[in-house]
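Trainee: Feature annotation from Swiss-Prot assigns ATP binding site to Gly169, Asp170, Arg171, Gln172, Thr173, Gly174, Lys175, Thr176. Here Swiss-Prot flags Ser362 as site 'Required for activity'.
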Amino acid sequence: MEIRADEISRIIREQIKDYGKKVEVAETGSILSQADGVARIYGLAGAAAGELLEFPGGVRGLVLNLEEDNVGAAIMGPYEHIREGDPVKRTGLIAEVPVGEELLGRVVDGLGNPIDGRGPLNAKHHRKIEIKAPGIVKRKSVHEPMQTGLKAIDALVPIGRGQRELILGDRQTGKTAVAIDTILNNKGNNLYCFYVAIGQKQSTVARVVDTLKKYGAMEYTTVISASASDPAPMQYLAPYTGVTMAEYFRDSGRHALIIYDDLSKQAVAYRQLSLLLRRPPGREAYPGDVFYLHSRLLERAAKLSDKEGAGSLTALPIIETQAGDVSAYIPTNVISITDGQIFLESNLFYQGVRPAINVGISVSRVGGSAQIKAMKQVAGSLKLDLAQYRELAAFAQFGSDLDKATQETLARGERLVELLKQGQYAPLPVEKQVIQIYAGTQKDTDGQNWIRAVPTEQVVRYMRELIEFLDARHPGIAKAIAEKKALDDGIRKDLDAALREFAGIFKIEG
């Protein structure tokens, strides 16, 4: 066979013409040291704060420290295989997470990756995790109620859409229960809920998800979980991931609720990262910017102006106290950032007062303007009456003979405490709360309280049976309150007549 030189050269030319190798250019550095998920990297001179890096095995990292000759980065994933001298690449990207309706009903990790075994999210939109909170001009004052379904909160420390209300208390006082009841109560209210679990046991998160599924609340809820076994960077980032997902609904003119359970553990994770990055420690060994850690997160909850779509994002951060100490560093920080706090007390919890809300310390700085008129009408004096009762009860234990007026006040106070008791996973619509509080605070034609003759231990049963009776015989009363959101003379007349009728039916046991 004859080899022709011109044919060979033509084939070579054709092959060269079609050959196109893309050269990947990336700034690469090497790891100087790696300990507990924090790496120091040499050679990434162009890296920016908050930029994502790529470690061996496809693990991502986040730049936190920029120093003269190295950068400090938090590794967001398993780091046991990463060694000194390993190469690290810049990605040029800032951390972003999937957002949108596709996330409803899903459980994701601190970076928005699905962990519920139901396949990919297929989200159409992504957003950067760290963005600035809306300015003053874009906001509107809080004026719409965000009902929790709990009488003690909706009557005494009301929450409005766009508010930030702190829930704090010792461990095992029912903080998560208050948050979960709020989610359950808003079924059918077009409120999209986000539950961020930080540093919790995976079994606890699974139990919360099961509860939400059982009551049909997972349809409008997303769970973001950075569990106790996840690296500290994931626990630090999870709240920002959650708020970014919730902001999507706020910015599209809808209403969202986010629960951070709990921010004490996020602060501990951030302290761990900061100490490993050798940042100077401050009070309780927290870094100097731990206030900014929480303020920039909670400022993203807002009620937007009509021009911006009138959407809202309500935040319920949870803080765990140690032995009821609200004057510790993190609790005081978050109290000063939020618009009020609900303080849960272990003593009340053990006495059977649940939810165990200390009405004296709990406040809502802006929620009053969001409370419906009907609730203001019936619960106006409730807080004062309870405060007087607590004061008298403290003195009464020292004295044996009390005058009749004091005995009356104590008896009434005991019934009011019973009136505000409520079981878990049993939130009440606001119109039914108004009816129960009306029965507990208003007087009948004889000038006596409606529940004056009911023994204290039977008040809870009285309230339950009263609602059952009204639902069966007089359903129009609750409907009228729900529509008018106020108690006019007609509703009062109907309610008094129904209460008189119920008084003849209710049987006192024992």
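From the backbone N, Cα and C atoms, a Cβ is placed for every residue, glycine too.
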Trainee: Once Gly169, Asp170, Arg171, Gln172, Thr173, Gly174, Lys175, Thr176 are set aside, which residues in the chain still have Cβ within 8 Å of the Cβ centroid of the ATP site?
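Mentor: Apart from Gly169, Asp170, Arg171, Gln172, Thr173, Gly174, Lys175, Thr176, the close residues are Glu320, Leu344, Ser346, Phe349, Ala356.
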Trainee: Please classify the secondary structure at Lys175 (ATP binding site) using three-state DSSP.
Mentor: helix
Trainee: Taking the binding-site residues one at a time (Arg171, Lys175), which has its Cβ surrounded by the most other Cβ atoms within 10 Å?
Mentor: Lys175
Trainee: Pick the one among the recorded positions Gln172, Thr173, Thr176, Ser362 whose Cβ has the fewest other Cβ atoms within 10 Å in this structure.
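Mentor: So among Gln172, Thr173, Thr176, Ser362, the recorded positions given, the one with the fewest Cβ atoms within 10 Å is Gln172.
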Trainee: Can you give me the Cα-Cα distance between Thr176 (ATP binding site) and Ser362 (site 'Required for activity') in Å, rounded to a whole number?
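Mentor: If we compare the Cα positions of Thr176 (ATP binding site) and Ser362 (site 'Required for activity'), the gap is 17 Å.
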Trainee: Suppose we draw a 10 Å sphere around the Cβ of Gly169 (ATP binding site). How many other Cβ atoms does it contain, all chains included?
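Mentor: That number is 27.
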Trainee: By the DSSP assignment reduced to helix, strand and coil, which category contains Gly169 (ATP binding site)?
Mentor: strand
Trainee: Provide, as an integer number of angstrom, the distance between the C-alpha atoms of Lys175 (ATP binding site) and Ser362 (site 'Required for activity').
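Mentor: A Cα-Cα distance of 13 Å.
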